[in-house]
Every structure is written in C-alpha cells, then in structure tokens.
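Novice: Let me give you the structure first, and then I'll get to my questions.
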Amino acid sequence: MPLLVMKFGGTSVATLDRIRRAAKRVGVEVAKGYDVIVIVSAMSGKTNELVGWVKETSPLFDAREYDAVVSSGEQVTAGLMALTLQEMDVPARSWQGWQVPVQTTSAHSAARIEDIQTENINGKFAEGMRVAVVAGFQGVSPEGRITTLGRGGSDTTAVAFAAAFGAERCDIYTDVDGVYTTDPRISSKARKLDRIAFEEMLELASLGAKVLQTRSVELAMRYKVKLRVLSSFDEQTDTSGTLVCDEEEIMESNVVAGVAYSRDEAKMTLISVADRPGIAAAIFGPLSESGVNVDMIVQNISEDGRTDMTFSLPTDQVARAEKAMEDAKTSGSINYHDLVTDTDVAKVSVVGIGMRSHTGVAAKMFAALNAEGINIKVITTSEIKVSVLIDRKYMELAVQALHDAFELEKVA
Ligand code: ADP
Ligand code: ASP
Ligand code: MG
C-alpha cells in the first residue's frame, strides 16, 4: 500500500480533543488507502516544562539524564494517539524511539539519526495494522540509552521516517498554514509561500525560523523527500500549505525569500587577549569541547599585541561558555583581562537564493535598520544570507522594517 508520513506538532496534540481532530485527519488518509506513519510531538508546553525541571534540579545537567526526562512528553502523546485511532476502529500501534529502533549517535540532547530499522513496523503493516504512531524527537544511542534530537526534533524524526520507509510524502501539520516570508506572529504582513526552495528553507531554519528543524530540511534535501508544511486546524486539499522543493520547481521568487530571527542569542567578549597565532584555537577549542555552539565571531583591531574577541552563542549556553573560558584562563592556555557577557541581543537575518545574482541586499538591509535607529553589533554574511546582531528590544521592529524594505508582502 502507498505510505504517508504525517507529523503533528505540539499545538496539534495539545489536548485530547486536538488529538481526536488529528486522528480524524489520519483517518481520512487511511480511508483513501494509505498506510500511515504518524509522528507526534509532546503536548505543547510539555517539553519546556520538562527542560525547566531538569535545569532547576541540575544547572549543568548530565545530558543523558536530560534526555531521559525530556523524551517522556512524546511517550504520552504516542500512546494517546494510538488509543484514539483504535477508538475510531483504525488498527494502530505506538512505538517509542528505542522500540523501532531509531538508532542515533550518543550526542545526548543533540543526537543525529544514523539508522531506522523498518522490519518491526513493516511486519505489523503486513499483519493489517494501518497506522504506526511513533514518538518523535527520540532515539537510542549505541550504548542503549534514550537520546533526543534537539528542540524541534520531531520534524527530523518525520523526514527520516519518510526517507527510510519510502513514503510518498511527509506532511508536517502545525499551527500555521505553511511557511511564510517571516513569522506571521511577528509581522501581520507576512505572506504564505506556496513553494520554497530547500536551500532557502535550510537557511531560514538554521537562522531561527522554527517552523521546521534545520536537520529535517537537510535530510529532505538529501533523500529527496517531498516535504509539505500545513495547518492541522484547516480543511486540507492536495495543494494546501507550503511545499519545500528544489529550486528548479519554483517559477518566480523574490531576491529575498524571507526574514528570520533568533531571540535567544548572547554575545561574549574576551577583553584584551594576546594577539598571537593559535589564540583563536585556544579560545574556540575549549568552547566546542564544552558543547557551546559559537555562531558569529569578530576579532577586533589589535593594539600593543592585544585584542578583543567577540562571539555569539545561544543564551542557554552562556554558563557553559563562561566556565570553559575561566578554566582555560586558570590552566594558562589563554589570558584575558575581562569577560563581558551581553544576554540582551537577538539575531535578524534576510535569506534568498536571489542574492547570488543580485548585489545591494546588505546595503539595503543596513539602510533599513539605520532608518529605524537600530544599531548593528555584529554582521555575518554568506552566499544567500545576511545576519546582524542587534539589541533584543528592537528585534520585532527590525523584522518588520526588513519585511517592508524588501517588499516581501508582494509576489515578485
Ligand atoms: P510545532 O509545535 O507544530 O512543531 P513550532 O512552534 O515548532 O510548531 O513551529 C511553528 C511556528 O513557527 C509557528 O507558530 C510560527 O510562529 C513559527 N515560525 C517562525 N518563522 C516562520 C515562518 N517563516 N513561517 C511560518 N511559521 C514560522
Ligand atoms: N517536543 C520537542 C520540542 O518541543 C520536539 C518537537 O516538538 O519537535 O522541542
Ligand atoms: Mg516544531
């Protein structure tokens, strides 16, 4: 039988009523003749609550136990979804990541899927089961411990299952009806895109647009999974939502496809470090070993052989980073006068494949921010994006100003 993967995010399974509504959507596809693999998130807010409990118990927590705790939200919704389907007379069964099994690396809290074994689930399909409900976001390490895939990881579970089982399509049901030019919660002028190129979606996701987890887009691109984002609240047709697809499948597009933001950024500056060969390695080596994801980096002008080094990182990694830098100073591998942390910054980015062939995007971006009196603290660019770090209080204003400046409410 043809197979579909349907993923329901946190708001789509937030209550028993919503689970019933999602199960009805699944029932529609089963009635059309599809076998379905349903991937569920935890009820909305649940994972945040679990993460909060872990951090309150142990600020520099052991990531193995973090995973043991935060994976539990999906266990509940998987079982409830299977029960709901059974009540509707749809033959369904639930699976935890380790039961499938979904084999991952042992990088706890940010594990990567290495393999998904299809035998167990396919065996049940062969016996007449119509829906396999799988807990998203989780897997099992080579050591046999539960792992999680990073926040938003159920999207990645869904795409990985679609690839492993050769599904006809992977539908991501969420609380918005597709991918927009920017977060519709920040700008009322945001426009829904019918299609978006994998590469643009990849950049938007990695720069903070949490509608899809970055890794899920990477996998879809690599394994040619037909990926669609749509609302679990509206009635659906075969062309609803946004299709994430190859660049060649898109007829017209703006130079800038969208604006992304990341609220939870922090900026750290090491004041007066020795400007010598190897200093960057001596700073960023220990940060990486402590699991800190450094993003933007600026080394300032050097004076008398000393310089300031600035970098950005997620706010929740500040404590780890400070400890890594203090330890490196104690051990003598680096020396600095002061470590200054600014946790009130945000990153705003414009993304578009059109930047490869159009110049002036960065200049227009800086002019639009200047017109609002917004100061830029750090800048980075790549072939298809420009990102700036600014004071967090200006973040929403910056997103709106850029959306206006690039006229994203209009189709090219
Ligand atoms: P789920 O729980 O279904 O996984 P998420 O909260 O992870 O849902 O992702 C959906 C949210 O992503 C939307 O509610 C929206 O606020 C946000 N979002 C950010 N950028 C975009 C964008 N460009 N298009 C659509 N949604 C976006
Ligand atoms: N429940 C997890 C989270 O909130 C995974 C997901 O929803 O995709 O991050
Ligand atoms: Mg999500």
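Cβ coordinates come from backbone N, Cα and C, glycine included.
Copied straight from TrEMBL:
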| type | residues | note |
| --- | --- | --- |
| BINDING | Lys7, Phe8, Gly9, Gly10, Thr174, Asp175, Tyr180, Arg185, Lys210, Val211 | ATP binding site |
| BINDING | Thr47, Glu74 | substrate binding site |
| DOMAIN | 268-348 | domain 'ACT' |
| DOMAIN | 350-412 | domain 'ACT' |
Novice: Widest Cα span across the ATP binders Lys7, Phe8, Gly9, Gly10, Thr174, Asp175, Tyr180, Arg185, Lys210, Val211, in Å?
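Specialist: Those residues reach a largest Cα separation of 22 Å.
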Novice: Radius 10 Å, atoms counted are CB only; among the binding-site residues Lys7, Lys210, which position scores highest?
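Specialist: Counting every other Cβ within 10 Å of each candidate, the maximum falls on Lys7.
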Novice: For the binding-site residues Lys7, Gly9, Thr174, which sit with their CB under 6 angstroms from an atom of ligand 3?
Specialist: Gly9
Novice: How many whole Å apart are the CA atoms of Tyr180 (ATP binding site) and Thr47 (substrate binding site)?
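Specialist: So the alpha carbons of Tyr180 (ATP binding site) and Thr47 (substrate binding site) sit roughly 25 Å from each other.
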Novice: Write out the long-range same-chain contacts of Glu74 (substrate binding site), meaning residues 6 or more apart in sequence whose Cβ is under 8 Å from its Cβ.
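Specialist: In sequence order, Val40, Ser41, Ala42, Ala135, Gly136, Phe137, Gln138, Ser154 meet the Cβ cut-off.
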Novice: When you measure from the Cβ of Thr47 (substrate binding site), how many other Cβ atoms are you left with inside 10 Å?
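Specialist: Cβ-Cβ neighbours of Thr47 (substrate binding site) within 10 Å number 24.
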Novice: Helix, strand or coil at Tyr180 (ATP binding site), per DSSP?
Specialist: strand
Novice: Looking at the binding-site residues listed here (Lys7, Gly9, Thr174, Lys210), whose Cα lies nearest to that of Thr47 (substrate binding site)?
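Specialist: Considering only the listed binding-site residues, the nearest one is Gly9.
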Novice: Quick check: in three-state DSSP terms, what is Gly9 (ATP binding site)?
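Specialist: Looking at the DSSP assignment, Gly9 (ATP binding site) belongs to neither helix nor strand, so coil.
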Novice: Long-range neighbours only, meaning 6 or more apart in sequence with Cβ under 8 Å: which ones does Thr174 (ATP binding site) have?
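Specialist: Sequence-distant Cβ neighbours: Gly9, Thr11, Ser12, Val211, Val229, Leu230, Ser231, Ser232.
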Novice: Would you mind splitting the domain 'ACT' (350-412) into helix, strand and coil residue counts from DSSP?
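Specialist: Residue counts for the domain 'ACT' (350-412) by secondary structure: 29 helix, 14 strand, 20 coil.
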Novice: Among Thr47, Thr174, Lys210, which binding-site residues lie by ligand 2, judged by Cβ under 6 Å to any atom?
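Specialist: Only Thr47 meet the Cβ criterion.
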Novice: By the DSSP assignment reduced to helix, strand and coil, which category contains Glu74 (substrate binding site)?
Specialist: helix
